[in-house]
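As given in Swiss-Prot:
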TOPO_DOM  1-50  topological domain 'Cytoplasmic'
TOPO_DOM  72-88  topological domain 'Periplasmic'
TOPO_DOM  110-147  topological domain 'Cytoplasmic'
TOPO_DOM  169-198  topological domain 'Periplasmic'
TOPO_DOM  220-238  topological domain 'Cytoplasmic'
TRANSMEM  51-71  transmembrane segment
TRANSMEM  89-109  transmembrane segment
TRANSMEM  148-168  transmembrane segment
TRANSMEM  199-219  transmembrane segment
TRANSMEM  239-259  transmembrane segment
Amino acid sequence: MLLNALASLGHKGIKTLRTFGRAGLMLFNALVGKPEFRKHAPLLVRQLYNVGVLSMLIIVVSGVFIGMVLGLQGYLVLTTYSAETSLGMLVALSLLRELGPVVAALLFAGRAGSALTAEIGLMRATEQLSSMEMMAVDPLRRVISPRFWAGVISLPLLTVIFVAVGIWGGSLVGVSWKGIDSGFFWSAMQNAVDWRMDLVNCLIKSVVFAITVTWISLFNGYDAIPTSAGISRATTRTVVHSSLAVLGLDFVLTALMFGN
């Protein structure tokens, strides 16, 4: 009984390592090589639109409402200690250090990541990738690489937008609704936030999350079983694995950045 359990555990561990190896080789083969900017630039621009611009609506709307909720809950707590003038500090630090990068990455995984997986999986199911290989076109360089760089570029920009509209949403609640003096709100935020460190750390988190989410999304699509059920399972795996990876990496990065 114990030997069977150990054998099963070892089999799963080897399978996981093999999957990581295939994912690493896919990304390496897609990115390493002679750059062809003139040929791939139109593909990159198109994917920036598909991955980034089409994700802006959910990012902006979610950012406004999360900022408003954060402003309202923060106001209710701070008024208990007669510290409601510190609401701007609370909203800005919460969004810059944690909520902005994490929530933007989770929304990006749900919207853009799942779309990338479904698109690549469908291309494999309809043998478009095999057709490219037959025509001496590297599908990794033509299909995977532009989508990867589009994700890496888009998510940090979407995170900045999320944080900006979130702070604006918090000011709507705190200043326009609850009547906090706007000077107190913005000055508390400016005094408490180290824009160089907090903004840089926010961007570092968003870049790490962008690489992770885009990599997982593309590999799950590339490795999907070429059936409708296989593509469906691959899309589900993308959202689940990306969400867990973002939350786990967030703890690691937070411990490294603010653990001292």
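The backbone N, Cα and C atoms fix where each Cβ goes, glycine too.
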State the non-local partners of the transmembrane segment (148-168) in its own chain: residues 6+ outside its ends, Cβ under 8 Å from one of its Cβ atoms. 27, 30-31, 44, 47-48, 50-52, 55-56, 59-60, 62-64, 66-67, 70, 91-92, 95-96, 99-101, 103-105, 108, 112-113, 116, 189, 202-203, 205-207, 209-211, 213-215, 217-218
Contact set of the topological domain 'Cytoplasmic' (110-147) with the rest of its chain, CB cutoff 8 A exclusive, min separation 6+ beyond the ends, reads 26-27, 29-31, 33, 36, 40, 43-44, 46-47, 50-52, 54-55, 58, 154, 213-214, 216-218, 220-222, 224, 226-228, 230-231, 234-235, 237-239, 242
Please identify the stretch among 51-71, 199-219, 239-259 with the greatest number of Cβ pairs below 8 Å relative to the transmembrane segment (89-109). 199-219
By DSSP assignment, list the helix, strand and coil residue numbers for the topological domain 'Cytoplasmic' (110-147), in that order. 32 helix, 0 strand, 6 coil
